[in-house]
Amino acid sequence: MSAAAVILFPFIGILLLSQISSYRISSWLNTLFSFLSFVGSLFLLFKKDPPGSFFLVDELNIVFILLTNFIGFTTALFSQRYIAHEIEIGHLSPPSLRFYHSMYQALLFGMNLALCSNNIGLMWVSIEMATLSTVLMVGIYRTTESLEASWKYFILGGVGIALALFGTFLFYISARPTIGEGLAAMAWTNLFSHAAYLDSSLVNIGFIFILIGYGTKVGLFPLHGWLPDAHAEGPTPISAVLSGLLLNVALYAILRFKILLSANPHALQAGPLLTAMGLASVLFAALMFYKRRDIKRLFAYSSIEHMGIISFAFGIGGALANFAGLLHMSMHSLTKSAIFFAIGYISQIKRTQKIADLSGLTSSHPVLGWGLVFGVLAIAGLPPMGVFMSEFLVLSSAFARSPLLAACLAVGLITALGALILKLVQVSFGEPRGDSSPIRSLYLPMFSHFLLVFAAGVYIPPRVVEWFQHCSVLLK
């Protein structure tokens, strides 16, 4: 099974699910196609095809592909009960259900195509496709707030993708004198092998546009404006895949271009730019936590913080920092998506996302309440969770490079920790408020993620360590 499989399954899903209005059948088919994509990604661990004109699979993008398709599958599983409840209470209709499931598969199709692509132009098109899918799903409720969030996402995302397109074009122009015209000058494999000969002035300008353009998709400060609204107003499964997956895909694009700069002796150093944007994102998000009143907005800002940590790590560079960045990306994706699984059911039960109205969850709904406690403690970076391990490694590598930068990052992490604990106490403990009626829930996706995050904090298999170390070398 080749990279084409993880692209083919969601493509078939788009065509089929757009024709099915039964939510029971369509939700199971959505889960089935997502599962098949995940199985296809597992096969890539054991058999990697040689690079072709359009597809490239190496140890680096397999990390992203596997993570994307695992969380894509578990989120589809979570969506079954969540979307069924939205249908039952009249928030969604059968036509919108067809749209939701076909767009969900379009999102997976776009992300997988971007990650498997051996062409800088095809990557750009794929990320734009994935973005448009989520833009449409954010506005699926057709409320004033959701349409406004969707429009804001579309405008800011459009600006970002336009800048990324211009940056991509500059890299293509820089490669033509050495590689030649056409698709050859757009292939990652050719660009990697000729990186030292690319026009450094064009490459430098191009990377600035790439960083700003794709950085908008990552949600880095000050390009984050779309992210809190999109998380708060869209369906919770989309919040989970936005935070857990799509932000990673945009960061992957930045990292691929960063590798090209690292191999060019005359190009600028991309690391300090990425470090600065990452640190600014952490500090900004940490301060904004204290003012949040909506629980989904709170964790949207948490995503800004953690994408900042990941960017900071890759900006610092070196074997340890790159390893820590990959580990933190994996832990954040698993933890944050699981938190949104819990929040999705909680908001349906309580019929609100206001933090002030969600108190006493550990008493009224112990499974969800304590699950949220676990998730918040994990995402806050407390031991023995995997996030603690990755943050410790990021700080260690930063202290070795620049104690001042490490101290600034530590201040941001401690500030964020205090805010999250404060909000956790408000939500999980105290006198229960609001509706406590049970709804049909599926906890397997949430607890499977938490189990992996806990296990990674206790023991990482040597094979995984070796894999991430090889990826760290690719990232230089």
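Including glycine, each Cβ sits where the backbone N, Cα and C put it.
Annotation source Swiss-Prot lists transmembrane segment at 1-21, 25-45, 54-74, 120-140, 153-173, 202-222, 235-255, 270-290, 307-327, 368-388, 402-422, 442-462.
Segment contact holds for the transmembrane segment (368-388) and the transmembrane segment (442-462), given three or more CB pairs below 8 angstroms at sequence separation of 6 or more.
Remote same-chain residues near the transmembrane segment (235-255) are listed as 60-61, 64, 67-68, 71-72, 75-76, 78-79, 82-83, 86, 100, 104, 107, 111, 114-115, 123-124, 127, 130-131, 134, 137-138, 140-141, 164, 210-211, 214-215, 217-219, 227, 274, 296, 299-300, 303, 307, 310-311, 314, 329, 332-334, 336-337, 340-341, 343-344, 347, 475 (criterion: CB distance under 8 Å, separation of at least six residues from the stretch ends). Here the transmembrane segment (202-222) does not lie next to the transmembrane segment (1-21) in space: the count of CB pairs under 8 Å, restricted to residues six or more apart, is fewer than 3.
Outside the transmembrane segment (270-290), and at least 6 residues removed from its termini, the chain residues within Cβ reach (under 8 Å) are 207-208, 211, 215, 219-222, 224, 254, 257-258, 261-262, 298, 301-302, 304-305, 307-317, 405, 408-409, 411-413, 415-416, 419-420, 422-423. Within the chain carrying the transmembrane segment (402-422), a Cβ under 8 angstroms from the stretch's Cβ atoms is held by residues 275, 279, 282-283, 285-287, 289-290, 302, 305, 308-309, 312, 316, 376, 379-382, 391, 394-395, all 6 or more beyond its ends.
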